[in-house]
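Accompanying notes for the structure given below.
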Amino acid sequence: MWNDLAPVGRYESSGGYRRFAYTAAELECRAWFRAEAQRRDLTVETDGNGNLWAWWGDRTAGDAIVTGSHLDSVPDGGAFDGPLGVVSAFAAIDAMRAAGDVPRRPIGVAAFAEEEGGRFGIACLGSRLLTGAIDPATAAALTDAEGNRLDESMAEAGLDPAGLGMDRVRLSQIAAYIELHIEQGRAQIDMDAPVALGTAIWPHGRWRMEFRGRADHAGTTRLEDRADPMLTYANTVLAARKKARLAGAVATVGRVFCTPNGTNAIPSRVTGWLDARSESQEALDQVVAEVETATRQRAERDGTEVTISRESFSAEVAFDESLRDRLAGVLGPVPLLATGAGHDAGILASAVPTAMLFVRNPTGISHSPAESAEIPDCLSGVEALTEVLRELAC
Ligand code: GLV
Ligand code: MN
Ligand code: MN
Ligand code: MN
């Protein structure tokens, strides 16, 4: 099943994936999901928020244990971020069936829409909509880089955007959500463990920054006559790095648009996005406030204008302790891990007991074509997930 998914949305030039919500590559991933579910006689549905579900067992037999992750990717993402959780979910069901397990409650496999926010800008959009963390009108009006709206893009993909919004009934039918995910840093290498249990997700957010100046000629405009938004932007990138370092946080500017983007023209506008995260909410607030101050001071000096607005935010999440203890009881000695990466599990944690399993990443590299995982570690992940599903559902 992995081999069927592996080529979808993969770019030969970089080896990375571009599976953006409701684009052709992502629709192919959805078709793959449906085929894998049907092959196993699972009942497949797409909810009103574009999330995919596949059900094993009688839906009326009790509240479900749901596992899964996402199939979309960041630009030039790796193969494992997201798909490993979905593939492992199907593989765990296979293992349970092979062992003759008969669950006494339904087991669901979920693939949440637009987890990376790679197209419409807000991470975990499908799970945010499901849990009511974003209102449907705001979500419907989100646009991608070409100005396509989310609701129109869903409609083009054959989905009805009228169904967007919190789904209380669905949430009330879920007893627990377990997300297995490739670890996205180096933590497990040091722990020497193929599988770890998640404890928490750091608070993190995205800020959109508009720098406006005056377009002009690169050869004839004296330096002192310029209002160059690129200068203000560049200073903001350096400030973000410095303030984060001093506060014990991380800050990244990984996405930028320059208008008109001509080699021999001073730009009129630069749009950049700040991604900032920290273990401590206080440190995160401090970094963002200091970056804003540094940017405003610099803009004054450069004769430019700046607008900074928070586009999305996820407060710190602590996963359900009693669920985690129960999982630890099944898995035996297993290291505990907090992470600076966002996940649908972090959003769902506001509505249902939630836990995460991490699979060791031998290099720690993620959100990159170089992301990797060892097959034995992936198999350990499936084994752990199988044990967990058996414990919770049988
Ligand atoms: C998503 O993977 C994120 O943590 O940004
Ligand atoms: Mn990711
Ligand atoms: Mn992910
Ligand atoms: Mn993520």
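In case you wondered, yes, glycine gets a Cβ from its N, Cα and C as well.
Here the structure is a predicted model, which means the values were calculated and not measured.
These features come from TrEMBL:
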- H70, D81, H181: Zn(2+) 1 binding site (BINDING)
- D81, E116, H367: Zn(2+) 2 binding site (BINDING)
- R206, N264, R277: allantoate binding site (BINDING)
*Given E116 (Zn(2+) 2 binding site) and R206 (allantoate binding site), what distance in Å do their CA atoms have, once rounded to a whole number?*
12
*Can you list, in sequence order, the residues of the same chain other than H70, D81, H181 whose CB lies within 8 Å of the CB centroid of the Zn(2+) 1 site?*
S69, F80, G82, P83, L84, G85, E115, E179, I182, H343
_Checking proximity to ligand 2 here: which binding-site residues out of H181, R206, R277 have their Cβ closer than 6 Å to it?_
none
_Quick check: of the binding-site residues listed here (D81, H181, H367), which one has the Cα closest to that of N264 (allantoate binding site)?_
H367
*Additional residues around Zn(2+) 2, ordered along the sequence, whose Cβ is within 8 Å of the centroid of D81, E116, H367*: S73, V74, G77, G78, G82, E115, G118, Q184, S366
*Sort the binding-site residues R206, R277, H367 by C-alpha distance from D81 (Zn(2+) 1 binding site) and give me just the closest.*
H367
*Counting across all protein chains shown, how many other Cβ atoms sit within 10 Å of the Cβ of D81 (Zn(2+) 1 binding site)?*
26
